Amino acid sequence: MVGSILMGYGPNYTILMLGRCVAGIGVGFALLIAPIYSIEISSAKSRGFLASLPELCIGIGILLGYVVNYLLGKLSLKLGWRLMLGIAAIPSLALAFGILAMPESPRWLVMQGHLGKAKKVLLQISDTEQEAELRFKEIKIAVGIDENDLEKMVKPPKKNNGEGVWKELVVRPSYPVRWILIAAVGIHFFEHATGIEAVMLYSPRIFKKAGVTSKDKLLLTTIGVGITKVFFLLMATFLLDKVGRRRLLLVSTGGMICSLLVLGFDLTMVDMTQEELLWALALSIVATYMYVAFFNIGLGPVTWVYSSEIFPLNLRAQGASIGVAVNRLTNAAISMSFISIYKTITIGGAFFMFAGISILAWIFFYFFLPETKGRALEEMEMIFSKNNKGNVTTEIDITPNTRHKPNLWPYHPHDDPCLQHIHKSTNKRKKEHNIKYNTTYSITETSMIHYTISLHTYNAITKPDSNIIMPYAEKVTPSLSHICLVPFIYHNIMELGNKEHNGSTYATACAIVTSMISIIFGYDTGVMSGAMIFIKEDLGISDTQQEVLAGILNICALVGSLTAGRTADYIGRRYTITVASILFMVGSILMGYGPNYTILMFGRCVAGIGVGFALLIAPIYSIEISSAKSRGFLASLPELCIGIGILLGYVVNYLLGKLSLKLGWRLMLGIAAIPSLALAFGILAMPESPRWLVMQGHLGKAKKVLLQISDTEQEAELRFKEIKIAVGIDENDLEKMVKPPKKNNGEGVWKELVVRPSYPVRWILIAAVGIHFFEHATGIEAVMLYSPRIFKKAGVTSKDKLLLTTIGVGITKVFFLLMATFLLDKVGRRRLLLVSTGGMICSLLVLGFSLTMVDMTQKELLWALALSIVATYMYVAFFNIGLGPVTWVYSSEIFPLNLRAQGASIGVAVNRLTNAAISMSFISIYKTITIGGAFFMFAGISILAWIFFYFFLPETKGRALEEMETIFNKNNKGNVTTEIE
């Protein structure tokens, strides 16, 4: 109200701005509280409808604004716009008093201890007294109050008054809260980053650009936008609880992508000709309306419903406020920069950019946002929990008791009387408790059974408690050949539900420190792309010398990687990292000194050998200290750190590029010696890989390390036994020091790997070599190393702008690598690979097309420049969410223990060789077949990569390192999988 009065008065710009600021603060309050209040008073079955009403009302308000613009636009200039802005004070005043007649949120009342008032409100807003009672109990449990407490007023738990909320949200969030926060921030960011503010606020300008010039017609078209928004918001309110949030989001975002591409194309065609293109005008209007329609049937309303309902009760208000803050910040960034953006890259290019962001949004929604339709607010943490959104999972290893009936082994799952009883009782139990039972058995060559029982709760009332599990344990007689399963299931599920998993923090810390070596390598790669601009000018080197300088690193890395495998087996994983750090330090000092091309090349060679060591040892160390459930995350950290290093290199290029020519590039290259020296000493405080220690016979030391990096003593013991069995040591050997089997010291490894490999090892080697080859054959090195040259070819000429665009590439790389680290253990290696490679194919085709268009004309095509930049960023994004990190995780985890270091070294050697071939020949290739043709070639290779990954690479997610040979076996022998529903 106050903001509207000030804006309506508005004698000058200062008062107008003050009124706008006051109204803006009101907007922040309204955007947060309206959906939260709606969420908290509604039941699960109608929550989507009621919580989407605020967004619908925003649409109605926007439409009213457009109509008022049209009606009052006919008044005098001084009066018209003031009335438009000031008239909102009247309904604001009425609402301020009217809202006092409304009931308070029952959930907030319970948080404050007002149980009597809360129950009274619930009776008013529920269909039946039973429903009100059930909701009342659920809220009390969520808040931390005894569900049987009958007092009308109680003292609320301390945490519900706001204390420690930010600590729980941001500083030390639990696993579900972390993912909830990521989901909320992500959906709010993408709501505006996909361009809705540009369309809604600047629609008159868009239509004017398309050819609508009359003020009246411009205002009428914007009224059409408002009507479209309201109509589809109205549809969405009814669809949210019927179709679901997730499905609406994906359909909505997909439609937005198509609409934005059409709109970008139309406006680009309008820009390229002086004639009035009526078809382009019509198509622009239709595409705009289609975009608004798709946005408002999904992303618009779902953002506010979803982000308001997913937070736990005690974190809801402040958690949602973070989402709203991100929403407003993104909104402000787009609305305040849209005109500048489209003047720089054309209005068509701006909408191509929004289409690219929308593709990223679709990927984010697909992987990070589970369905919440029909689930109680108190269930949301379970949906976002680590074990597959609401699954309670436990794994038990049971060895046979052969003293009673040895003839019954090998064991078949259907012989288990425990499981026979579960199988008979499941259908009845499923109906009674609404539960799905999913049981998997995996019989390995070590005669060990892995049982996994998963319980999925589809109803808020159902909980995995003793009423459901224990009847089986009471009625089943244990088998003579093995231990009865069910009592252990009950015990482990209960223990799992109550346990905090903090034991793997040390393993994570070790993996992070180890990954620092990858930051140095990434920095060396990234900084060289900018440094070469200055080196060429200072030393006067030719294009051929520049290619050799770029590629020699990888030739030497080839030598380093082949040497590193044997070194890692001989001196250990930890000391191999120290050797790599020293090599980086020496190489950096030589390159920083660099008085001439020869010394520069020598320093690059030494650093290259260090690269070979780092690329091999960092993922192997991370793989060997991690458990199966976190292996993808920890083993992808080196690749993430490479991305961070590349980004740091780009930033340093930009900062030090302003120094004198002779000093700037030398500092860029030499500064890496400092962290290399620090790491060389720091790594000595780290533990050695327990698997390498067992290979050397140091069982006592290995067990000590496993106890440090495992969640429980039982897990450490199980991992210890599995490693001993894999190495060939008796699992019951209790000695602290034993003589290792001869083959574990490196003898005969090449014979087992290359000369006479077993069937699984042959396919493991093919998989490792193939994935390493395709990682660079698909063109990533050309994009990362020569991105300044690509952007220059597309039309960016200023050195500062060239370096800034490469910083953008680095930021994109790091962001998507960070996403990949969390997705690897959740989505799986294979699925990420296929999605990633598919996206790379599309991006490379677009990049090839746009650069070909630049080559074919003498004019400056701004749309092609914009499309080239967007396609480059899209390619980097798709590469780094899949193929980049998966290559190193996958190739490091699939080899058997005694072949791992030297097997992985073959993959790294192929990787460096391919890298060198691309980086040393890219300039020559694109001069021969054009730069567009080069990227069409990479697109073709990417298609071959997709086919290879599809047919040759099985999934390894969640499997123990000791199981990998089984996965690659001819018929996948030894695995028995049964599902009981």
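In case you wondered, yes, glycine gets a Cβ from its N, Cα and C as well.
Annotated in TrEMBL:
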DOMAIN    1-373  domain 'Major facilitator superfamily (MFS) profile'
TRANSMEM  15-37  transmembrane segment
TRANSMEM  218-240  transmembrane segment
TRANSMEM  246-265  transmembrane segment
TRANSMEM  277-299  transmembrane segment
TRANSMEM  345-369  transmembrane segment
DOMAIN    510-957  domain 'Major facilitator superfamily (MFS) profile'
TRANSMEM  548-568  transmembrane segment
TRANSMEM  575-593  transmembrane segment
TRANSMEM  599-621  transmembrane segment
TRANSMEM  633-652  transmembrane segment
TRANSMEM  664-686  transmembrane segment
TRANSMEM  830-849  transmembrane segment
TRANSMEM  929-953  transmembrane segment
Long-range neighbours of the transmembrane segment (929-953), counting only residues six or more past its ends (CB under 8 A): 763, 766-767, 770-771, 774, 777-779, 782, 790, 793, 829-830, 833-834, 837-838, 840-841, 844-845, 847-855, 883, 890, 922
Tertiary contacts of the transmembrane segment (277-299), as residues 6+ beyond its ends and Cβ separation under 8 Å: 59, 187, 190-191, 194-196, 199-200, 203, 206-207, 210-212, 221, 224-225, 228-229, 231-233, 235-236, 239, 248-256, 258-260, 262-263, 266-267, 269-270, 361
Confidence summary (mean pLDDT) of the domain 'Major facilitator superfamily (MFS) profile' (510-957): 83
For the transmembrane segment (246-265), distant same-chain residues with Cβ under 8 A (at least six beyond the ends): 187, 194-195, 236, 239-240, 283-284, 287-288, 290-291, 293-295, 297-299, 302, 306, 348-352, 354-355, 358-359, 361-362, 365-366, 369-373, 863
Within-chain partners of the transmembrane segment (15-37) [C-beta distance under 8 Å, separation at least 6 from its ends]: 2-9, 51, 54-55, 85, 105, 304-305, 307-308, 316-317, 320-321, 324-325, 327-328
Remote residues contacting the transmembrane segment (345-369) - C-beta distance under 8 A, at least 6 residues beyond either end: 179, 182-183, 186-187, 190, 193-195, 198, 206, 209, 245-246, 249-250, 253-254, 256-257, 260-261, 263-271, 299, 306, 338, 819, 823, 826-827, 835, 839, 862-863, 865-867, 869-871, 873-874, 877, 881
